[in-house]
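The block underneath contains the structure these notes are about, expressed in structure tokens.
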Ligand SMILES: Nc1ncnc2c1ncn2[C@@H]1O[C@H](COP(=O)(O)OP(=O)(O)OP(=O)(O)O)[C@@H](O)[C@H]1O
């Protein structure tokens, strides 16, 4: 379906406001035209009456002028109020619509989406859609309805003049903008592409500034930005030139129409077929009646941008959402991987091959393997991020595909290698994991992860603000805060991916000791990805993975004694 048609469907809830706004806009434009026409006529008859010394009735035209002036002012105010309200409502609804559709897609298409691109689309493209009603639909509807009304009104003065005005309005309102559109189409597309590229480069550059400086490629990066920026401004200049040309031609057409009106009407006045006051009335009216089409060149310039933005947004959200999750609530029990085999939708090779693994409730299982062995994939599948084969994974003997995703995420808490901390206070970051948590509970959990001394030394304690992605904390402190978040979830199964990465040996010992003590008490299950002997020693079972397969399993002691690959892995990491 055409993206603009889809967009119109999305705007349907705002239709009453939009139609009312359009109606008021038409009334306002017509009142303005009427006001100038009556004023021209009124000024002329008063001048003629003054010069010839006759009296004229000025009460009626003065009352009409006042009435039209009030309608114009009140109409403009109400129209602006309604049309802007409709626009803001639309903007909010569109953002909500696209965000809610994008959210479930991100875990599946993470690899193919660039966050800066998503940001550019969500911000820039939706802003562009916001123009659709105010700058495209509204002026087009106003032009379509008012041009015949103007023609009809002018035909009472002169049908020839009516034809000239309607023709001029059609040229200025439709022919000229379409011509400019054709001339600018390629450049406009190029400009949209460059603008998006510029945004992506800037966001990426800001995020990787440290690396750019360390690898001494900041200058190269600057040159790239300069190059895109120069091309962007060149396109923009070209488009502005075309726009200026359109504006100049529009004013030329307006003035030519005024001359044409004099050319047509003055001989008629001479011939006695028309009263002279209508000449001034027509001239003033012509100047203002182009208001009906004055925004059409801009509308034609914006329309392709709106079309492209809508197409880009629909393009993302139309990606199929993998069918994951059912209605059954998760209950505590063993987590089982039953001969699980998995291949990413966009991948060729099997990433997991015949995985057979059981994690009994309350037990601690570790997974160890070289980089790329499939450990994170195993965890992500258990979290329900990708669909798996029927009965490939079960919890308490219920197929993962039948389990409610929300309930699954309550049942299992995950601390991945790159857990995110928000630009908020330490307390707020902890409350994200558990909104009901009390200060006492926060202190307890921070004690468990060995962070409480550090927090107590901070002037604002839990109210200390963290920078973006937790900057302001050391790598080890961030890691411990993320661990605290996971522990606050009170989930039945906890998954930790290298939880002590970045910790010194003493802190690591304390954290491990406290963590395992808490797990013993709470009888939570633990699935741990680690290469640290300190933790591996305390596990009930260790799985050794290589190229997507389980190649060995047993306790730390047994594996150390019997498995060369396990020993190599421990030495290697
Ligand atoms: N979203 C994805 N799409 C396609 N292939 C992927 C995706 N994520 C991972 N892979 C591939 O799957 C394989 C296993 O990756 P995975 O991240 O599970 O390994 P890992 O054992 O966790 O590695 P590491 O210890 O380095 O984190 C790798 O070959 C990787 O390239």
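In case you wondered, yes, glycine gets a Cβ from its N, Cα and C as well.
Beyond the ends of the transmembrane segment (15-35), by six or more residues, the same chain brings 64-65, 68-69, 71-72, 75-76, 78-79, 82-83, 85-86, 89, 133, 137-138, 141-142, 145-146, 149-150, 153, 285, 288-289, 291-292 to within a C-beta distance below 8 angstroms of the stretch. Sequence annotations record features per position, and here TrEMBL assigns transmembrane segment to 15-35 (among others).
What TrEMBL records for 19-305 is domain 'ABC transmembrane type-1'.
Here TrEMBL flags 41-59 (among others) as transmembrane segment.
Here TrEMBL flags 132-155 (among others) as transmembrane segment. Counting only same-chain residues 6+ beyond the ends of the transmembrane segment (132-155), those with a CB under 8 A from a CB of the stretch are 4, 7, 11, 14, 18, 21-22, 25-26, 29-30, 33, 37, 83-84, 86-87, 90, 161-163, 165-166, 169-170, 173-174, 282, 285, 289, 292-293, 295-296, 298-299, 302-303, 306.
TrEMBL lists 161-183 (among others) with the feature transmembrane segment. Long-range contacts of the transmembrane segment (161-183) within the same chain, counting only residues at least 6 positions beyond its ends with a Cβ under 8 Å from a Cβ of the stretch, are 143, 147-148, 150-152, 154-155, 242-243, 245-246, 249-250, 253-254, 256-257, 260-261, 264-265, 282, 286, 289-290, 292-294, 296-297, 299-301, 303-304.
As annotated by TrEMBL, transmembrane segment applies to 242-266 (among others). Under 8 Å from some Cβ of the transmembrane segment (242-266) lie the Cβ atoms of residues 157-158, 160-161, 164-165, 168, 171-172, 176-177, 180, 183-184, 187, 274, 278-279, 282-283, 286-287, 290, 294, 297-298, 301, all in the same chain and six or more residues away from its ends.
Taken from TrEMBL, the feature transmembrane segment applies to 278-298 (among others).
Averaged across the domain 'ABC transporter' (335-572), pLDDT in this predicted model comes to 89. Per TrEMBL, the feature domain 'ABC transporter' maps to 335-572.
When Cβ-Cβ distances below 8 Å are used as the criterion, the transmembrane segment (41-59) is approached by residues 65, 276-281 of the same chain, each at least six residues removed from its ends.
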